[in-house]
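Q: The structure's right below; bear with me while I get my questions together.
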């Protein structure tokens, strides 16, 4: 028999380790063929779990059938696979990519999704405001921006940027077309007064410049307003609203033009619109345009910017436009009196409409009648203007070197953020090509065989890597066809991660393929490693599916796509790659080299010449034909010396580098080193110390994923978010109240709910330490003023119970109309209420019966306060324009409210722990008042993006518990041992604890992304440990021997898989996204490192100490099974031929027919050493001859060469004679041996009787006796000769 045909442990290099002389059938029986192990138990030659081995045999039979079918139809399988994979790849053309933050990182499910759905359903949009922000910082972190030059530079940038235009749909759009500005009252009669107000009321811009006269330069208007009779072009830089109003009132009175100036005066009075910017200090007192009324006009001293900015700034309407200091100044330091002494940044906010507000604003305007105006077009106009704003700032900084030299100016808008996310969300073709090229090169180099090109695997290995790339692309295409939307997480991570994990399957298959060239190779490969690959892919895909329960859309999509790709890779590894192996077998059989097999001639290996070992009466020729003649002539052939052949391949020879293999290293060096007592002690102590330290460090693990990590690094938006988070930590939020609540009767509960936010940390207070007024307080205040005016004029006799007189004021008449409202639709007015009814009581509680009638009047006649309240009342109150000369007393009643909000400003939120504490505090308030009967919820960026952390740890713990429970069941099914599964799960738990500790040391905070990686790490750790456990369970011997055999089998695939996965993960460092680098790249590398240490170092030692019992325990030999029975022979009466079951056909042809013994399979029991007699045989004689010079040596005293696997039994030949002869004498062993004498020479004489009955009742009886002698030549392979007698 050819020595290369002996089944061996797979070697990743394809090297045949000569020291490995036991076949896998004897020492890994259930791994190679569970049916043989089952037969051993049935015959009482071994004990073990019969159920477990039976189930394993069922698995193996199915995989063997699959392998046979694939090998038989290899070309067809490849053709169909290419068609299917190509079809799925076409699906990539339909892939959609989501890049907007709110589409990707907002938690799905739970209360947050219900709250957002309620907001969307009620008011038709999720966002409450759109902002264009600008931050200015200094280059020098120690410098301050609290000086006039910094504010003037800030002004120059803002003036240029806010003046940009955008041309869309044949229309020009500017800031005034889309900015958020206060509403103006409507008038009847003289329309131009209303037009003047609309042109003068500017956009709302939150800026520190509002503390100075220069802030007026931002307000415009673009073209000066001309008032008839007033020889002045009105601009906010020269406008004194109070004096202009007095002039107009006087002028129109002189001209006897009737106009309700009282309404305008009340409008200005309630908003505290006075002198505008005329009395504010100038940044440059020497500027000739600085008004004479400025307090520092012509002053030679620069203004004290810090003192002026302390406490915040006020806009032109002081009552409703107070910009908190924390919003406009960042990185502030104060003196003892609390005044600003130093600041690092200035911030301005241009407030824009939302897309729905802009759509509603222009829906009925002539400007868009020809456009087919839609909300989508409104959004496009808004986004285009924001892009132009950012572009204008960039161009200005390039032109104005003075500003760029001293300051950093960052612009941020939601449109710019969406653009840059969309730009970088597409996969990088260069990174993918580099990753594939490196993996292909690694596979080529590790699978290349320099000394034996025929048995090399580099070509099929490279084909396997390319197949994994193909199947990965097909899996992503299938995801696109299924409607799964891509995002930055999936496009940047999935291709590399899938390639790294998929190549692991290729190395496992090539490791098994490294065995000898055999006809049924494919089915045997799948029979051995198929269960491991199936388990590995299932555990990884299962981990991804489990991680999909993390309620973050971006990660949910990532997990689903990764799971689909893993299933695609599994199908390619079990169906397509074996077909490639089947085709490569033909190359091996043809004797062609691995590389350029079509270019080089057939490779002919030079035979090794060695001194012959000629046992007495034995003829042997390795791989030679043995002519069989009737006269029993024998031709002696020279034999090879296996001992010399063995020495030619030992390390240290001239070819030691080329012949190095991880399997040999694991068996001869690595595992024996691990099994030393002091190594075990140090490893276990180090492992326990690392575990304890990790558990302690994990208690300090913080939650958090900053928004800055979601933005590509080195972008302007990334720099803005870094400065904003570090210097401001400013956010806006809203407390939303819902429907199913009686607002008129529960006003005090609403007030208490609002007042409760005073005690919430990080909420900005007003100058008095309280909170800004919300809509109900402004509503009540307006009614209170009307009630006060009515009471005064009623006492003066300007109004009576039945009517009012011409000298009554407009507000008193409006109050009269409000007082007589009953609140009933069928009887809306009752004048009797004038004497008894009050608009508000002494506590500020609004009249409950007419609450919604009053609301209609307030929303229309106090529009500045209504808009400034940011209440977003829905349904929107009905309109009622009050006219003093209108005698209809009926006021329309608004619909009951189902949505209202209270605005709050938050500051100092620089990390997730602070935001999480704030969310918890506000959520507690929400739950508390929910119990009081007020349906409510908070809204805003902190709740949208950080809500996931409130339940993240409990959700992660629950998912991990379910995954570990499922893993316990799955591992138990694969290993068929509960104790082995428990050890694997314990190892995984320890690895998780170490990963938590490593996250703390690396500063990686716990968020949804690390949660997904932690769940995935369970599947990866299972793959590492289960492969070692499987080898341990299926090996024969004591624990240390089984660990040695297990590491010999698994070290190569594990190391190669980890290295290729590491290369693929390392390629993630090229991503422009910080979250990909920190949370995917770094954390996956940590998982691989922890997995490598625990699985390759700690777990083998754990198995050697408390590992489970082997599946099969031989009863006759400690380190191998008993020799299996030969295959029964089936005879055919009709054809006169005999068949060997599961073997090759034999014929009773002529004596001259030659036989090729080297094609026999050692795994076939019929070719093994015969040590038993089946029931159909009759044993007539057997004897055992022992050499006299043998002495027993204990295992401890045997030579060091026993560290290698013990030599295998070899077949000796026997001769067949026509007459019985005595057994031949046994030659002396060629060298001393340490093995028992019964292994040296075995002689068996079975007697076979065959009876044949013919139709003529004649019976022919033939009795044949064969003397079969088996000799074992140590330590090399036996020299064989066959002697037949009959």
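Cβ atoms are placed via backbone N, Cα and C, with glycine included.
Annotation comment: Swiss-Prot describes 1-76, 449-465, 512-532, 584-677, 1029-1056, 1104-1286 as topological domain 'Cytoplasmic'. Per Swiss-Prot, transmembrane segment is recorded for 77-92, 428-448, 466-486, 493-511, 533-553, 563-583, 678-699, 932-952, 956-976, 1008-1028, 1057-1077, 1083-1103. Per Swiss-Prot, N-linked glycosylation site is recorded for 142, 298, 335, 388, 807, and the stated evidence type is sequence analysis. The feature region 'Disordered' is assigned by Swiss-Prot to 1116-1237. According to Swiss-Prot, the compositional bias 'Polar residues' annotation covers 1141-1152, 1165-1191. The compositional bias 'Low complexity' annotation in Swiss-Prot covers 1199-1216. Per Swiss-Prot, compositional bias 'Pro residues' is recorded for 1224-1235.
How buried are these features, and what lies next to them?
A: Across the topological domain 'Cytoplasmic' (1-76), mean pLDDT in this model comes to 73.
Outside the transmembrane segment (77-92), and at least 6 residues removed from its termini, the chain residues within Cβ reach (under 8 Å) are 70, 470-471, 473-481, 568, 572, 575-576, 579-580, 583.
Here the Cβ of residue 142 (N-linked glycosylation site) has 7 other Cβ atoms within 10 Å, regardless of which shown protein chain they belong to.
A sphere of 10 angstroms centred on the C-beta of residue 298 (N-linked glycosylation site) encloses 12 other C-beta atoms.
Within the same chain, residues at least six positions away from residue 335 (N-linked glycosylation site) with a Cβ under 8 Å of its Cβ are 341.
Listed in sequence order, 164, 165, 166 are the same-chain residues at least 6 apart in sequence whose CB falls under 8 Å from the CB of residue 388 (N-linked glycosylation site).
Remote same-chain partners of the transmembrane segment (533-553), defined as residues 6 or more beyond its termini with a Cβ less than 8 Å from a stretch Cβ, comprise 98, 103-110, 487, 501, 504-505, 508-509, 559-560, 562-563, 566-567, 569-570, 573-574, 948, 955-956, 959, 962-963, 966-967, 970-971, 974, 1008, 1011-1012, 1015-1020, 1022-1023, 1026-1027.
Non-local neighbours of the transmembrane segment (563-583) in the same chain are 66-67, 70-71, 73-75, 77-78, 81, 85, 88, 460, 463-464, 467-468, 470-472, 474-476, 478-479, 482, 484, 494, 498, 501-502, 505-506, 509, 513, 521-522, 525-526, 530, 533-534, 537-538, 540-542, 544-545, 548; each lies 6+ residues outside the stretch with a CB under 8 Å from one of its CB atoms.
Taking the Cβ of residue 807 (N-linked glycosylation site) as centre and 10 Å as the limit, one finds 11 other Cβ atoms among all the protein chains shown.
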Q: In terms of Cβ proximity under 8 Å, which residues at least six beyond the ends of the transmembrane segment (493-511) contact it?
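A: 10-12, 427, 431-432, 435-436, 439, 443, 447, 457, 460-461, 464-465, 467-469, 471-472, 475-476, 525, 529, 532-533, 536-537, 540, 558, 561-562, 565-566, 569-570, 572-573, 577-578, 581, 1020, 1023, 1052-1053, 1056-1057, 1060-1065, 1067-1068, 1071, 1076, 1080, 1084.
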Q: Which sequence positions outside the transmembrane segment (428-448), separated from its termini by at least 6 residues, show Cβ-Cβ distances below 8 Å to it?
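A: Residues packing against the transmembrane segment (428-448) from afar: 12-14, 456-458, 460-462, 464-466, 469, 492, 495-496, 499-500, 503, 506-507, 510, 594-595, 1056, 1059-1060, 1063-1064, 1067, 1070-1071.
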Q: Looking only at residues six or more beyond either end of the topological domain 'Cytoplasmic' (1029-1056), which have a C-beta under 8 A from one in the stretch?
A: 9-13, 26-31, 446, 504, 507-508, 511, 531-532, 661-663, 665-667, 670-672, 674-675, 971, 974-977, 980, 983-984, 1092, 1095-1096, 1100, 1103-1105, 1107-1108, 1110-1114, 1118-1121, 1205
Q: To the nearest whole angstrom, what is the C-alpha distance linking residue 142 (N-linked glycosylation site) and residue 298 (N-linked glycosylation site)?
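A: Rounded to the nearest whole number, the Cα-Cα distance is 31 Å.
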Q: Cβ under 8 Å, sequence separation of at least 6 from the ends of the transmembrane segment (678-699): give me the contacting residues as numbers and ranges.
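A: 990, 993-1001, 1094, 1097-1098, 1101, 1104-1105.
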Q: According to DSSP, does residue 388 (N-linked glycosylation site) fall in a helix, a strand, or coil?
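A: It is helical.
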Q: With a Cβ cut-off under 8 Å, give me the same-chain residues at least six positions beyond the ends of the transmembrane segment (466-486) that come close to it.
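A: Sequence-remote neighbours of the transmembrane segment (466-486) are 84-86, 88-98, 425, 436, 440, 494-495, 498-499, 502-503, 505-506, 557, 560-561, 564-569, 571-573, 576-577, 580.
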Q: Please report how many Å separate the Cα atom of residue 807 (N-linked glycosylation site) from that of residue 298 (N-linked glycosylation site), as a whole number.
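A: So the Cα of residue 298 (N-linked glycosylation site) lies 48 Å away from that of residue 807 (N-linked glycosylation site).
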Q: With DSSP helix as H/G/I and strand as E/B, how many residues of the topological domain 'Cytoplasmic' (449-465) fall in helix, strand and coil?
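A: DSSP classes over the topological domain 'Cytoplasmic' (449-465) add up to 11 helix, 0 strand, 6 coil.
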Q: What is the number of residues in the topological domain 'Cytoplasmic' (1029-1056) that are helix, strand and coil, as DSSP sees it?
A: 24 helix, 0 strand, 4 coil
